[in-house]
Amino acid sequence: MRQQRSRRASLSASLKIGDHWGHCRTQEEEESYIPFAQDSLVRQWNSMQNVAGGKQEKSQTPIQRNKYLLNINVGGKLFQIAYKVLARYPVTRLGKLALYTDPVKKLQLCDDYLVQKNEYFFDRDPSIFHYIFHFYRSGVLWVMDEMCPSNFVEEIEYWGIHLKYSQRCCRILLEEKRDELSEYLKIEKELEAELEPLESGTQFDGKFLGPFRKMVWNLIENPYSSVPAKIIAVMSSFFVLISIVGMTLSTVEEMKNKTGKMWMEQMEMICAIFFTSEYLMRLISSSSFKNFLRAAFNAIDLVAILPFYIQILFENLDDGDMQYHEELHKVENVSKLGKVLKLIKLMRIFRILKLARHSTGLRAFSFTMRQCYQQVCCLLLFIAMGVFTFSALIHSVEHDVPGTDFTSIPCAWWWAAVSLSTVGYGDTVPDTILGRMVAFVCISFGIILNGMPISILYNKFSDYYAKLKAHEMSQSLQLSRRIRLKERVLRKFSECWSADPRYYR
């Protein structure tokens, strides 16, 4: 007899399999009767009981082999299936097990084989095998809603059963659940990538000035690594707000005097120095210069500091050109240079995007827009269609009215856009009854159009924001545990009180 292979640790050695049915059925009854596995067929036992009562069992219950039924043990539960039924599906694993005559090939199909009971063991999920067992009996593979689609597909692939044997309704529901699960896992993976920094501290091992660059990287990119890193993150947001406030106040008439300009220039210089230092620290701590240039946040940082240096360069060129043009009495290019300088100064507004690096809400909003770009593009398409349609309709019914503002379809675009957005400035209104009816339909369409994607975007935004906030709170809690500021302060006070002899009087 072939030597029995060692069984796995998960082969349910504490289970005793027994058949409660007699063996007095005829061949036709054996082939037609295929019982489902029942809990009553399984009873507890241990190995010591098996050793102690092995001789009694052998003497009391002689081994009877049935050549018409195949004994299958799936995860500790016994199933009996007729060979004739399994032979109908020769491509499946059990079909091959029933048709093969070579014992070596049979052992390759199962996980273990019990010689005493002629029982093939499979270390698989018995709850899902109930549906596999039902498939062999009825020829139809049923799929339940409460089952995990990935686990079910993995199980049927193991048993060699194709999904085409299931009903169309079950197959559609299963495929929908698989698509939803894959989409959910994809979003979770991208959200984890959004939470994690672009680089890790382990990338500096073995590189030039690795410990120093790692320390700088933790200060700049990982605000929850230490207290100085958190302070730098707060200072970055503070200087962004100061820069935006300074740019706003520079347009006020009262601040355009000499003293106001001097204060604004000094504030801008301080902010530019801080942003430049921050950018250089990120550049030094980057492990890959190419990846550093590709990062969106680093591009925003570069746009935040470029206007300051370009403004200095253009002002120097402006002074030299003024002397040259005063001699030649040509100042046309100087005015053009001033317009370019104003445009460069306006680029400082992009500094507010730096807040997205340390703002959970802005990161969640950006992630929501990336995940819902199809819905957003579809909304913009509907808005464009509505603008063109209703502008054409309002022009066709209002162009004959004397003194009308709808002289052409492009002139009616602004009215259609304002009406679809339900803003309604009232600067352009229709005069005829047909025109007002068109305006009513346009406003109603705008209400319906604006209401459709709001719930989708809001639900996804709230979900992403909650996950980002939970991750941020976990990191903040870890930092607070490391700092233990409150405990340290109380310990210092207790030490001071115990050291002062006046408290013992």
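Cβ atoms here come from the backbone N, Cα and C positions, even for glycine.
As annotated by TrEMBL, domain 'Potassium channel tetramerisation-type BTB' applies to 70-169.
Among the features that TrEMBL reports, domain 'Ion transport' is placed at 230-467.
Summarising the annotation, TrEMBL assigns transmembrane segment to 231-250 (among others).
Marked as transmembrane segment by TrEMBL: 292-314 (among others).
Per TrEMBL, the feature transmembrane segment maps to 373-394 (among others).
Residues or ranges marked as transmembrane segment by TrEMBL: 437-458 (among others). Nonlocal intrachain contacts for the transmembrane segment (437-458), taken as residues 6+ away from its ends with a CB within less than 8 angstroms of a stretch CB, comprise 368, 372, 375-376, 378-379, 382-383, 386, 390, 393-394, 397, 416, 419-422, 424, 429-430.
Long-range contacts of the transmembrane segment (231-250) within its own chain (CB-CB distance under 8 A, at least 6 residues past either end) are made by residues 219-220, 223, 256, 260-261, 264, 267-268, 270-271, 274-275, 278, 345, 348-349, 351-352, 354-355, 357-359. Through the fold, the transmembrane segment (292-314) approaches residues 198, 268-269, 272, 275-276, 278-279, 282-283, 286, 337, 340-341, 344-345, 347-348, 350-351, 353-354, 356-357 of its own chain, all at least 6 residues removed from its boundaries and within a Cβ separation under 8 Å.
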